[in-house]
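Taken from TrEMBL as is:
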TRANSMEM  14-35  transmembrane segment
DOMAIN    41-246  domain 'TLC'
TRANSMEM  47-68  transmembrane segment
TRANSMEM  113-131  transmembrane segment
TRANSMEM  137-160  transmembrane segment
TRANSMEM  172-196  transmembrane segment
TRANSMEM  216-238  transmembrane segment
């Protein structure tokens with residue numbers, strides 16, 4: 001991983017096309033190979049999870065490494081983007097592009113996911129190609145969003161088959177609580193704290209010379225609701241889990 005990131009840092013070429021092609025290949029392997037015998041909706045979910053697996057943990061690690069590679073004075077909300085940080089943004093832009101195409105082509109009714117991906121792409125693209133500053137903030141948000149990715153995707157895949165495959169049900173049940181706890185800590189505690197800190201900085205006008213005001217405000221408008229929706233989602237999962245546990249206990253008592 002360290003050698004790969006070092007090569008990215010030295011790479012002057014635009015890497016987005018290569019990243020997009022990589023995700024297209026991975027998606028095709030899922031759709032046409034690994035999951036071709038699955039029922040159609042399961043096949044779609046499986047292919048989406050596959051590219052998410054390829055993106056999530058790698059993006060989280062790369063985000064941390066891209067920030068750590070910068071000297072302390074260039075780790076700030078108004079700091080200019082480094083070459084490595086731009087490549088990490090392109091890596092994620094390619095993923096969200098591929099997954100957005102997936103939803104537009106096969107699941108156009110999933111408006112929440114489509115809106116989320118469009119909003120995320122807007123934030124990343126304006127940082128990468130317009131402001132050329134602020135990657136520090138977005139890469140921390142990327143880390144917080146993707147650090148749970150591996151656990152979430154395995155949990156999701158197990159959930160697809162839990163009603164039909166007993167082993168999948170066992171994996172799903174075993175992962176539910178650890179995944180919910182980690183997600184709650186990251187999205188319900190760390191995420192809001194960092195968002196408040198980021199918002200206070202950008203609203204203070206300290207980045208006025210390097211990031212246009214409408215870009216800073218739009219980042220706040222996009223990220224805030226995204227964090228809120230994530231917290232509502234995990235809250236509903238906790239409620240569903242507690243309801244299932246209560247029902248199981250009642251059945252045992254009878």
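Quick reminder: no glycine exception, Cβ is built from N, Cα and C everywhere.
Each of 14-35, 137-160, 172-196 was scored by its Cβ pairs under 8 Å to the transmembrane segment (113-131), and the highest score goes to 137-160. Ranked by the number of CB pairs under 8 Å to the transmembrane segment (47-68), the listed stretches 14-35, 137-160, 172-196 are led by 137-160. Residues 112, 116, 119-120, 122-123, 126-127, 134, 137-138, 141, 176, 180, 183-184, 187-188, 191-192, 195, 198-199, 202-203, 207 of the same chain sit 6 or more residues outside the transmembrane segment (216-238) yet have a Cβ under 8 Å from a Cβ within it. Among residues of the same chain six or more beyond the transmembrane segment (14-35), those with a C-beta under 8 A of the stretch's C-beta atoms are 8, 42-44, 46-47, 49-51, 54-55, 87, 90-91, 93-95, 97-98, 102. When averaged over the domain 'TLC' (41-246), pLDDT in the model lands at 94.
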